[in-house]
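Chemist: TrEMBL lists these features:
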type: DISULFID; residues: CYS130-CYS312; note: disulfide bond
type: DOMAIN; residues: 129-385; note: domain 'Olfactomedin-like'
type: SIGNAL; residues: 1-16; note: signal peptide
Amino acid sequence: MRVFLILVTLTCLANAQHQALMDYLERRLLAIEDRISLWHEQTNRYATELREFKQQMVAQIETLDKDKETLRTDLDSVGTRVDRVEREMDYLETQNGAQPCVDVDDKLVEQQVTVVKEKNKVKYAKATDCRDMISSIKAMKILKRVGGPKGMWTKDVGSSSGKVYIFNGTDEDTIYEFGSIRDFTISQGTSMAKTVRLPSPWRGSGHTVYNNHAYYVKEGKELRLIKYNLQNDSVADSAVFPVQDHVPVYSLTPETVIDLAADEEGLWAIYATKETERHISLAKMDANTLDIEQMWDTPCPRENAEAAFIICGTVYVVYNTALPSRSRVQCVFDVSDMVTNDDAPLVYFPKRYGSHSSLKYNPLEQLIYAWDDGYQILYKLAMKKKLEV
């Protein structure tokens, strides 16, 4: 009996110890599970915070990149404006130069001016190998009538894209762009054209399109040349044309204050001032910067002039004649001095309607794009070399 009691007692003690051990182990496991759960929670929170921090850093880096690009653009714009101000200040200095403090011999000054002119002439002559000039008008084709009495139409003189550009009127801001001559011909009015809205209206009909840029004149307190990028629809550059007291270039087209033209040698400006009011002046320009490279005073009168065009550095001024429905090239000025009025052939335009408000030469096609009382006309030219005159 006593042995049985002892065994029962021992069994109870063993069970109690086993239960105590199990309870201890269970508590330890629960504690470990709690710590693991807390670790998971903290890990998830840290991962979320790290991901949010990374997103914030990426957004700030993108903002910094945009600010950097904006700053670079602003700096480029400031640099361009500084260059423009410097050029305009240089022009103002040439117009209002300081008085000399010493007497200079007049003959010496004339000699120096002559030397500079000769150097400019030699420098310009070496800049081009173009020697073509007009021999006659070979053919004429009237394409259609679009727009008002005055305007301008042309192709891009500096590329072979084939696009046609219509500038209707003398004080508008919308260019009509056709994909080709055929599109322009078959279109009902301007229905097939892409419209390009300029930031400011042009003045006159002396515009041109050269190397995917439209060049036109904006008139205000000063004459400003605008270079407009036709590919991204933005102003690429602008500059004040450095002449004072400007007057209309042609007496028969008084709206045109500057006639811009492009030929084999680049961009030109035909203009007139009160200083040389009776005659037309000519300037060679840098198409990239709109800087003026050289200027000439021509013997061509403004009186009874209706338009002009340039081929190989030679300006041909067209005048209205007493003959019915006829215009004629009556004055020629060649910057290389290879052609004079006495040498130039007589060139008559078989004009049909009013007077030409614009004449634009295309060197790639040897065609003149003419606007005559709202009619768009093509003149096919017969050419010859200047040396054959």
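Note: Cβ is positioned from N, Cα and C throughout, glycine not excepted.
Heads up, TrEMBL stuff is auto-annotated, nobody curated it.
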Chemist: Can you work out which residues elsewhere in the same chain, 6+ from the ends of the signal peptide (1-16), have a Cβ less than 8 Å from its Cβ atoms?
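Modeler: Cβ under 8 Å, 6 or more out: none.
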Chemist: At a 10 Å cut-off from the C-beta of CYS130 (disulfide bond), count the other C-beta atoms across all protein chains.
Modeler: 16
Chemist: Over the domain 'Olfactomedin-like' (129-385), what does the predicted model average in pLDDT?
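Modeler: Mean pLDDT across the domain 'Olfactomedin-like' (129-385) comes out at 91.
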Chemist: Would you count the other CB atoms within 10 A of the CB of CYS312 (disulfide bond), including those on all shown protein chains?
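Modeler: By my count, 24.
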